[in-house]
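Participant: Straight from Swiss-Prot, here's the annotation block:
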type	residues	note
DOMAIN	141-346	domain 'ATP-grasp'
BINDING	174-229	ATP binding site
BINDING	ASP300, GLU313	Mg(2+) 1 binding site
BINDING	GLU313, ASN315	Mg(2+) 2 binding site
Amino acid sequence: MKTKVGVLYGGKSPEHQVSLSTAMAVMNAIDPHKFDVIPIYITPEGQWIKGEQLTGPIEEIKQLQFTSAATALIPVSLNQVPAADSAAGGNEETIDVIFPLLHGPNGEDGTVQGLLEILNIPYVGNGVLASAVGMDKVMMKNLFAQAGLRQAKYIAVTKYDWQKRGETVYDRIERELGYPCFVKPANAGSSVGISKCKQRGDLKAAFIEAFQYDRKIIIEEAIVGREIEIGVIGNDEPICSVVGEIVPKKEFYDYEAKYEDGQTELIIPADVTKEQYETIKQMAITAFQVLDLSGLARVDFFLAEDGAVYINEVNTMPGFTPYSMFPLLWQHSGVPYPELIERLIALALERHQEKQTITYTFKKEKR
């Protein structure tokens with residue numbers, strides 16, 4: 001009997017289009033002999049819409065952008081996702097596992113993971129806490145610091161602080177970080193809202209841009225060096241892929257460079273020494289464990305000119321587009337695309353089974 005996989009994609013997020021690209025690639029790569037695939041689309045407005053079970057490859061992204069004429073999934077019944085005729089009183093179709101291919105806020109940040117936990121539905125990837133911390137760059141870096149992982153210096157600023165004490169904030173940046181520096185939304189991915197600042201005059205526009213996507217931003221010192229990434233999969237015993245290097249043709253690896261073909265070069269495996277690889281690997285495993293990650297993650301690093309390794313961030317749901325680093329890293333590590341997806345689904349079911357052994361009630365014995 002095939003495993004029924006509900007692929008969840010889209011979302012009320014700045015990274016909606018990225019999610020569509022990822023979903024198309026993953027659904028076309030899932031082994032149809034082992035899995036039945038049911039697409040579940042979250043519109044930009046937040047409506048959940050279920051499509052029909054796939055019977056063949058998806059040719060265009062627009063095929064995944066369902067309208068309300070398809071099966072709306074709200075309201076949802078606990079412990080299962082309704083099939084098309086459930087609202088009319090027909091048979092209900094239980095989905096075995098959800099594969100959430102959501103990027104950014106309202107999807108990769110623990111919100112959807114929390115819903116799936118309440119519904120007691122197995123799902124691929126990281127749990128509620130890990131997803132939330134993995135999305136919030138400030139909290140993530142605070143935990144990195146506590147774990148002793150080398151990273152760039154950083155400052156966190158809220159929109160309220162900036163509006164009240166803007167010049168003081170700029171003074172602190174110049175005093176503690178200097179130029180160049182990067183300004184980023186604390187809760188966003190895919191390089192959305194990121195700016196590189198070379199002087200004080202660049203900061204205001206960068207802050208305005210970043211605050212479009214979050215009420216909290218992070219400013220980081222620029223590390224001169226190479227951008228290195230590594231893939232991690234697993235639960236309690238995570239394993240690492242080979243490392244890859246990003247060589248952007250633009251000044252830095254922004255949204256367009258990530259998702260428009262030809263804007264960047266990926267070198268896999270990256271040219272690093274054995275010692276550098278071991279350092280990157282161990283730092284990635286430490287980050288995976290410190291953030292209590294499970295399933296998968298891509299961990300990003302800087303390799304400075306002096307050979308020092310700096311951890312940058314983790315991505316709890318890395319992209320699976322044709323140009324994405326994560327699946328390419330595993331292909332070069334001997335794990336083909338369909339097998340990678342199969343492993344992630346198996347890890348999700350394994351973690352869910354473990355959770356079923358936990359007792360959630362407590363009765364005090366009478367004396």
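Using the three backbone atoms N, Cα and C, a Cβ is placed for every residue, glycine included.
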Participant: Round to a whole number and give the Cα-to-Cα distance in Å for the pair ASP202 (ATP binding site) and GLU313 (Mg(2+) 1 binding site).
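Facilitator: Pair distance, Cα basis, whole Å: 24 Å.
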Participant: Would you pick out, from the binding-site residues SER195, ASN315, the residue whose Cβ has the largest number of other Cβ atoms within 10 Å?
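Facilitator: Per the Cβ count within 10 Å, the most buried is ASN315.
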Participant: Nearest by CA distance to ASN315 (Mg(2+) 2 binding site): which of the binding-site residues is it, out of ALA188, GLU209, ILE223?
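Facilitator: Closest recorded candidate to ASN315 (Mg(2+) 2 binding site) by Cα: ALA188.
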Participant: Going by DSSP, give the three-state secondary structure for GLU174 (ATP binding site).
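Facilitator: Looking at the DSSP assignment, GLU174 (ATP binding site) belongs to a helix.
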Participant: Work out the three-state DSSP category of ASP202 (ATP binding site).
Facilitator: helix
Participant: Please report the number of other Cβ atoms within 10 Å of the Cβ of ASP300 (Mg(2+) 1 binding site).
Facilitator: 20
Participant: What mean pLDDT does the predicted model reach across the domain 'ATP-grasp' (141-346)?
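Facilitator: A mean pLDDT of 92 is what the model gives the domain 'ATP-grasp' (141-346).
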Participant: Using a 10 Å cut-off on CB atoms, tell me which of the binding-site residues CYS181, ALA188, ILE223 is the least crowded.
Facilitator: ILE223
Participant: Reported as an integer number of Å, what is the Cα distance between GLU209 (ATP binding site) and GLU313 (Mg(2+) 1 binding site)?
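Facilitator: Pair distance, Cα basis, whole Å: 21 Å.
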Participant: In terms of DSSP three-state secondary structure, what is the assignment for ILE223 (ATP binding site)?
Facilitator: coil
Participant: Using a 10 Å radius around its CB, how many other CB atoms surround LYS216 (ATP binding site)?
Facilitator: 19
